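Annotated features in Swiss-Prot:
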type     : residues : note
ACT_SITE : Lys77    : active site, charge relay system
ACT_SITE : Ser152   : active site, charge relay system
ACT_SITE : Ser176   : active site, acyl-ester intermediate
Amino acid sequence: MTLFERSAKELQAEIKAGNLSIADLTKEAYERIAKLDGDVQAFLASNEEKATAQAAEMDKVPFEERGPLFGLPIGVKDNIVTEGLETTCASKILEGFMPIYDATVVNKLREAGMITVGKLNMDEFAMGSSNENSYYKTTKNPWNLNHVPGGSSGASAASVAAGEVPFSLGSDTGGSIRQPAAYCGVVGMKPTYGRVSRFGLVAFASSLDQIGPITRNVEDNALLLEAIAGLDPNDSTSADVEVPNYAAALTGDVKGLRIAVPKEFLGEGVGEAARQSVLAALEVLKGLGATVEEVSLPHSKYALAAYYILSSSEASSNLSRFDGIRYGFRAENVTNLMDLYKETRAQGFGDEVKRRIMLGTYSLSAGTYDAYYKKAQQARTLIKADYDKVFEDFDVIIGPTSPTPAFKIGENVDDPMTMYANDILTIPMNLAGVPAISIPCGFDNGLPLGLQIIGKYFDEATIYRVAHAFEQATEFHKQVPQMWEGK
């Protein structure tokens, strides 16, 4: 087994007792990566030399100056810029790009004393649900290497599930933290839009993107979100809302809490195993004193279409900056500027990215703007109103994270519509801007299933409270992939 089986609190206790050093933890991360990443394929870039030197220095820091995450290793998704460490967004067009500054969240990790061990694979520019859209490699699911880890933060979830690192950061535009967390049997939180700074996150869809933590348990997740959250003057969309002590919310008490279960989340298209695991989870929470009632979110049926119009429209604008002029890949053997733009983008972007750029450009064009983009914005307003109405009477909403467990690698690669439908249960929360978490709640043929808990704006604390209570009443979070054994 690995040191990373333990929680942050347990690791800090071992360090304080003198049984473990920060250098030991960093060494463990790189040894695990060396042993397992040939199979998992999670990491794109390593920070070993700097991280090892940093760990040796951090062991000298007095205990009274250390926080709960001090000295612990973390992997960072490759669309979050890291000064001096290659950031590619898993795209050919950014191959070799070396950022000259750190994202705000990376600065916050450093302030918390965490050690960035490397950059994690993803679907190119965060567009995908399987990690198969990466230009560099396809990350595998640690529970079954023939299956996908989810996307787009698939490697962020897989690296934690495999025990390569105990923490990672991902980004979530339509489910890209929660769906991989469900597929890999770990805990993934999409915070409220604006809770975490997006400064230094390479933009896909600016009104939807949000950075969040992936961990093995709820308490560690709460600690990491507290470390990265908060107002940032460099991000005009970050919210000036106080960041609470999330760990203090983990009381285990959910008596009197009101839980809404949308009938749309357990209806047609949701697999029987996913449905039954959610119903069983609701029984656990009822047994702990919560009340459960069925509700309706009637406009959820428009979410998938609205999301792909809006996100693709924003992507077509955001990705126009990648043209081969100032950084990244540049096409060769071109004779004029227009050909340079065309060839650089044609060769540098993958098929899925080009598909979404075209979809977005079409949606924003003069003849179709009202019929597509404007209508999608109206649908988004209705979806948000549905959530506002439910949250007048309920504390959280619960349903499955994904309709099914992880599918096989290659199974949906030529079927974009089926691939898009994998996010049908996570997309509405991004459109509404509300926070949501995925935690392990069961298995289907040896593959994990996720329970999604959705909360009110900026009320991640209540989500953590419910998630922690369920976690403590069950054993799902303690189960690990077979590859942990003897490694």
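Each residue, glycine too, has its Cβ placed from N, Cα and C.
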- Item | Distance, Ser152 (active site, charge relay system) to Lys77 (active site, charge relay system) (CA atoms, angstrom) | 9
- Cα-Cα separation of Ser152 (active site, charge relay system) and the residue listed as 'active site, acyl-ester intermediate', in Å? 5
- Task: State the count of C-beta atoms found within 10 angstroms of the C-beta of Ser176 (active site, acyl-ester intermediate), not counting that atom itself.
- Result: 36
